[in-house]
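Below is one structure, written out as structure tokens; the observations come after it.
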Amino acid sequence: MLEPTFSESFILERAKESVNVNYVNVAAVTFLAYDALLSLDDEIKYVWRSKWTFVKIVYIASKYLAFVDGTMILLVFLNPSLGLSACSTIYTASTYIILVGIALAELILLIRTCALWGLSRYVLWYLIAFDVGSAVLAVVKLSSSFQDDNFICEYDLISYTELTSNCLFTVVPSPIPNIRNCFPIFGDKADGAYVDFLCVMAAELNVLVLTLWRGVMHWRRHSSRLVHIFYRDGIVYLVSLVVISATNVVFFVIDDSNYYYNVMLEPQRIAHAVLSAHLILNVREIGAQNGRMGYSQAGSASVSEPVSLQMKTMASTLTRTIDTEV
């Protein structure tokens, strides 16, 4: 097999892209670990001491699987001694875990939004239909990239730019082996890969609109501090997810001859893990402040100001949904 030849400018460009991608992904995994430490007390108080439910399992899987795929991604990006076969295997596995993690986070958003609307069956079925439709579209688009089970193909080419037509990604030898020993790059079947992330963004926009709609309804009737905090945090988290997802779509749509398409994949996954986890902690903290939770910690928070009956009812519905089987 002939080895590809690269121009000096090509090598320098790939080196710059790889270093920048490494910086962003290391920062994302560091943020995940930092946030886990900061939220550990609340997590012990509001999650680990609660009974085991479906939502608790989804919470733990969504958040802590991020450490698994984050470690795997860093192994691919930062280990220059990694061979092509190992690179292909690890990158494939981490991609699947990332997709599962994002799906779990989206499930948390669905549950929270449904509870926010008082467990309305109309909202529930609308959310299910919208999310299932988005998921089906994403799976169909992704499946169209599979031919002969070639999701990620190991390098068997004589040119960096001559990609196997049946592959979504092709793992090729690195032109900068001292920085990274292998590159997962676009194959001919990856032109529509951005559609998957567009579907994620659409689902998040849908949840954001429903949250804003419900928030406006509550704001008009009630102006308690807890109402403001609850919606403020939720809207900030959701807007952040939409922006990150949109950024990922942009990187996939722009020129795919560079390596920056990979810059936001793991950060998007980590953002979903962290922010969806905080949405759960936010709901449970409000429930605790309204006296709707039976945690056994000493010195639990109490309400220091009058809270509207509507807010108490909403908090009760939310925490009951989050704390029971769905």
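Cβ atoms are placed via backbone N, Cα and C, with glycine included.
Please treat TrEMBL annotations as automatic predictions, because they have not gone through curation.
The annotation domain 'DUF6533' is assigned in TrEMBL to 23-68. In the predicted structure, the domain 'DUF6533' (23-68) carries a mean pLDDT of 93.
Look at TrEMBL and you will find 57-78 (among others) tagged as transmembrane segment.
Counting only same-chain residues 6+ beyond the ends of the transmembrane segment (90-111), those with a CB under 8 A from a CB of the stretch are 55, 58-59, 61-62, 65-66, 68-69, 72-73, 75-76, 82, 127-128, 131, 135, 151-152, 169, 171, 184, 196, 200, 203-204, 207, 238, 265-266, 268-269, 272-273, 275-277, 279-280, 321-322, 326. Taken from TrEMBL, the feature transmembrane segment applies to 90-111 (among others).
Among the features that TrEMBL reports, transmembrane segment is placed at 123-140 (among others).
Marked as transmembrane segment by TrEMBL: 193-213 (among others).
What TrEMBL records for 234-254 (among others) is transmembrane segment. Beyond its flanks by at least six residues, the transmembrane segment (234-254) meets 109, 112, 193-194, 197-198, 200-201, 204-205, 207-208, 211-212, 215, 260-261, 263-265, 267-268, 271-272, 275-276, 278-279, 282 of its own chain at Cβ-Cβ distances under 8 Å.
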Three-state composition of the domain 'DUF6533' (23-68), taking helix and strand from DSSP: 40 helix, 0 strand, 6 coil
